[in-house]
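Now, the feature entries from TrEMBL:
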type	residues	note
COMPBIAS	86-103	compositional bias 'Basic and acidic residues'
DOMAIN	4-64	domain 'DUF6538'
REGION	75-103	region 'Disordered'
Amino acid sequence: MCSYLHQRHGSPIYYFRRRVPDNLRPIIGKREWLISLGAKDRGEAKRLIPFHTIETEKLIAAARAKLAALAMPAPQPLPPLTPEQQARDVAQREHEQAQAAHEDELAAAEEAMDDRANKHDDAIDALLIADPTSLNSRDWAIRRRIHDAVSEREIARMQTMAAKYHAAKLERQVPDAGGQPSSMDGAPMVGEPVKLEALLDAYAAEHGSRAKRGFASSQTHIRSLREFLPALQPRHA
């Protein structure tokens, strides 16, 4: 380390002098370090050399790391998307947007139906409190059957929406690499008749506990409607 100790001709002050490696000069920006130690005593100057040696070693290491980074090849740009890939990406986004829109529509309809059911239950409670005997009246029976019919119509509408939604999920397949929608054996799906109870159970299973709570009384509504509808059929002599 004493080789870095330097004293100019005719000057009593000692300096730290170190040559910059040739390949690092463009990065460091100088040919050598020449740092005054501020000491006239050689022994005192020698004690200051290790500090500047360590500091310049850090600068050299940083310069070498920068040089190595510059020597690395630049990353290759990604190839542009083909028209088929662009069409597939567009179809994917449209599919996700349509799916989200269907789910929002179903959720809004379910919430509206629950709200109407809650309001009806509140009205029933208020009516029973005001007139407990109304439960046995003919008017009450008619109101109840009308309410059951309306509820059943709402349930059927919800099941139709759910069926359309699931059919759309099958039809709106993401295009393959050729940009064409995928198909399932190339033939439309033909469904078998399904009971309303089964549709309702499937819808509740698909949409979680909230749907199950909202349709907990569906079986009662279905039975009431089936009892009510035959009475509306015309009688033939």
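Cβ atoms are placed via backbone N, Cα and C, with glycine included.
Just so you know, TrEMBL annotations never went through curation; they're auto-generated.
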The domain 'DUF6538' (4-64), counted residue by residue under DSSP: helix, strand, coil: 31 helix, 14 strand, 16 coil
DSSP residue counts for the compositional bias 'Basic and acidic residues' (86-103), split into helix, strand and coil: 18 helix, 0 strand, 0 coil
